[in-house]
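K.L.:
First the structure, which I've put down as structure tokens, then a few questions once you've had a look.
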Amino acid sequence: SMASPALLMRVVASAYSVAEKAATIVRNVMSAGDLGIVEKAGPSDLQTKADRLVQMSICASLARKFPKVTIIGEEELPNDDVSEDLIEDGHCEEILKKPCPAQYTGIKEEELVIWVDPLDGTKEYTEGLLDHVTVLIGIAYGGKAIAGVINQPYYNYEAGANAVLGRTIWGVLGMGAFGFQLTEAPAGKHIVVTTRSHSSALVNECITALNPDHVIRVGGAGNKIIQLIEGKASAYVFASPGCKKWDTCAPEAILHAVGGKITDIRGNSFQYNKEVKHMNSAGVLATLRNYDYYASRIPNTVKESLVP
């Protein structure tokens, strides 16, 4: 008889189905028309009914299957009973068939931490910039992001009435990443992707210092990493606090699985153990290729302004 799949592959396979369920919830909330918007820390820090329902769905579904895993989500929610129609029990068979990378075969449930951003790009979601929106499920072990699932609920939404909406990208370190076409940015071009709604003097000073050919301003950390792995941008630069562990965990795993690199603006790698503070207070620098080129051009004044 076949040995049962390693825990990590079971978690990723479930997270894949859970993320697809999340996407359906996101689309249903939008089409029902009542977003239930709440301001958290201010007008660019919003929460909608979709953020709340999706987080309940993801956390409850994964906790039911993997009760000893630590799950940390963005939204502060009451611990109410979650209605059964939010529970996703399925998994992706194709993922279960893949062999687990050897270094992760012995992982126990209590050693995993799952970081959940139920709806990354909430502000853009409320403004109808639907291609910016992602659902992020990142899986960490030993403080490192080792696997991730990114769902884009509205992928293809401008392709006409008959287009299939949405896609799920997933990856595991030592195995690779799937669900998209890996593409490098045009050689010799410096295209920087950065924040759309959280700009500041420091953010702009840092970008100017890189002397980019082009700057793309979009919402969502998940969306920005997708710009890197699909070759639309060569660097993701955010010289500001504001990004959190649930924003970077899934994207980091996918980026690292295809040979890219993500750190804070000072070059420190992110830690994802359950005790870690949630804020990435020294910003983000990420590339698919040529990390050193961009890292070497970050001004010291910018680095000194951002305390990890």
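The backbone N, Cα and C atoms fix where each Cβ goes, and this holds for glycine too.
Copying in the features that TrEMBL gives for the protein in this structure:
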BINDING   Glu74, Asp117, Leu119, Asp120, Asp247  Mg(2+) binding site
K.L.:
Other residues with Cβ within 8 Å of the Cβ centroid of Glu74, Asp117, Leu119, Asp120, Asp247 at the Mg(2+) site?
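P.N.:
My list of surrounding residues reads Asp51, Val116, Pro118, Gly121, Thr122, Thr134, Val135, Leu136, Gly220, Ala221, Gly222, Lys244, Trp246.
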K.L.:
Far apart in sequence but close in space: which same-chain residues, 6 or more away, have a Cβ under 8 Å from Asp117 (Mg(2+) binding site)?
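P.N.:
Result: Gly73, Glu74, Thr134, Val135, Leu136, Ala221, Gly222, Lys244, Trp246, Asp247, Ala250.
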K.L.:
How many neighbouring Cβ atoms, not counting its own, are there within 10 Å of the Cβ of Leu119 (Mg(2+) binding site)?
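P.N.:
Other Cβ atoms found within 10 Å: 30.
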K.L.:
Under 8 Å Cβ to Cβ from Asp120 (Mg(2+) binding site), same chain, six or more residues apart: give me those in sequence order, or none if nothing qualifies.
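P.N.:
Non-local contacts for Asp120 (Mg(2+) binding site): Val133, Thr134, Val135, Leu136, Gly220, Ala221, Gly222, Asn223, Asp247.
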